[in-house]
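Report on the structure given below.
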């Protein structure tokens with residue numbers, strides 16, 4: 001048995017989960033928020049109880065030291081020698097990484113170089129890796145990339161209709177994201193269906209504040225809705241999703257904003273927040289719609305219609321699907337959104353059961369037994385996928 005810690009480092013946060021492997025038992029999990037501020041928040045679960053502490057955590061190195069101290073103080077590990085491996089979520093692996101990889105100096109340099117493609121995420125991921133290297137230099141560490149699962153996409157899916165040299169010189173292409181989540185739920189769907197994943201065509205709908213759809217054929221991603229960045233695809237909480245690229249200079253001209261300012265609007269002030277004017281949270285928007293708010297209704301209609309576009313095109317691409325999977329915050333917990341997405345899909349063999357659909361955050365088949373296309377709710381577990389890859393690549397006994 002080995003203890004493996006899964007890490008997701010953000011610019012001012014550090015999310016962690018400690019597993020006993022290979023049993024995949026969660027020993028503890030927690031979150032460090034507001035790193036760099038005087039009122040940082042450290043939360044850890046001990047024996048099922050959440051412990052919360054507000055203190056000054058100036059940087060990620062201090063956060064890591066505090067985390068490791070808490071593990072020993074609370075008896076979760078007797079000593080740090082029990083930690084056999086560390087798994088780091090890294091947002092962007094470019095074309096360089098089609099799988100998770102053991103972190104070396106060369107790999108770390110490559111991840112830093114890829115920061116051009118993910119300036120909001122990769123630098124924070126690197127900070128997290130370095131912080132652990134300082135404290136646990138001899139413990140194997142593995143990088144698990146959000147983009148890796150989608151590296152199986154064919155050129156017809158990942159190339160943009162731009163001058164080919166842009167791809168050759170600058171790496172401009174579709175990369176896709178949420179790969180670890182899409183991989184987990186499609187593998188789990190195959191288990192639940194009792195069929196080899198190689199025989200299945202699956203649609204994975206990762207619907208949260210960020211959202212993406214993936215077409216997975218034979219266990220391999222063949223297309224996905226996010227693109228060069230996580231801004232592309234369906235309408236999201238605060239992100240616009242796909243739009244006419246000529247809108248960017250037009251908005252700049254009309255508003256006097258810079259490129260950076262417009263891109264910031266597209267990332268942080270658009271999507272459901274932009275359409276409603278008051279919230280990115282679908283729970284708030286559904287409540288407002290029930291009160292008769294027109295913009296809430298329109299926003300929800302836009303959200304669902306964009307998902308329909310991908311379901312239709314990916315079903316055509318795979319010549320039919322065996323199952324549609326719902327995962328992430330909205331996908332796992334919103335029966336209303338699932339119902340609206342599935343309504344009217346009988347033409348493609350979807351027959352969902354409204355009673356079975358009344359589930360929240362748990363695995364369930366929500367289609368009728370006779371439905372040719374199965375509908376499955378599967379809570380995602382990116383952390384356990386990270387731990388599995390550490391076990392696979394870290395040579396951990």
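Any Cβ shown, glycine's included, is placed from N, Cα and C.
Under the heading Mg(2+) binding site, Swiss-Prot lists 8, 382, citing sequence analysis as support. Cβ neighbours within 10 Å of residue 382 (Mg(2+) binding site), excluding its own Cβ and spanning all shown chains: 22.
Secondary structure at residue 330 (ATP binding site), taken from DSSP and collapsed to helix, strand or coil, is helix. With a 10 A radius on its CB, residue 330 (ATP binding site) counts 23 other CB atoms from all the protein chains. What Swiss-Prot lists as ATP binding site is 15, 206, 207, 208, 209, 210, 281, 282, 283, 329, 330, 331, 332, 333, and the listing cites sequence analysis.
There are 22 other CB atoms within 10 A of the CB of residue 89 (substrate binding site), with all protein chains counted. What Swiss-Prot lists as substrate binding site is 89.
Annotated active site, proton donor/acceptor per Swiss-Prot: 146, in sequence order, evidence recorded as sequence analysis. For the recorded site, residue 146 (active site, proton donor/acceptor), the DSSP three-state label reads coil. A sphere of 10 angstroms centred on the C-beta of residue 146 (active site, proton donor/acceptor) encloses 25 other C-beta atoms.
The site 'Transition state stabilizer' annotation in Swiss-Prot covers 178 (among others). On its own chain, residue 178 (site 'Transition state stabilizer') has 146, 206, 210, 212, 214, 224, 226, 328 as residues at least 6 apart in sequence with a Cβ closer than 8 Å to its own Cβ.
According to Swiss-Prot, the feature site 'Transition state stabilizer' maps to 239 (among others). Residue 239 (site 'Transition state stabilizer') has a Cβ environment of 26 other Cβ atoms inside 10 Å. In the three-state DSSP classification, residue 239 (site 'Transition state stabilizer') falls within coil.
In the three-state DSSP scheme, residue 283 (ATP binding site) is classed as helix. Counting only same-chain residues six or more apart in sequence, the Cβ atoms lying under 8 angstroms from the Cβ of residue 15 (ATP binding site) belong to 7, 8, 9, 29, 30, 31, 32. Here the C-alpha separation of residue 209 (ATP binding site) and residue 239 (site 'Transition state stabilizer') works out to 9 Å. In sequence order, 307, 326, 327, 328, 329, 330, 331, 334, 337 are the residues near residue 207 (ATP binding site), counting only same-chain partners six or more apart with C-beta under 8 A. Using a 10 Å radius centred on the Cβ of residue 281 (ATP binding site) and all shown protein chains, the other Cβ atoms total 16. In the three-state DSSP scheme, residue 382 (Mg(2+) binding site) is classed as helix. With 15, 206, 207, 208, 209, 210, 281, 282, 283, 329, 330, 331, 332, 333 listed as the residues that bind ATP, the site has a largest C-alpha separation of 24 Å.
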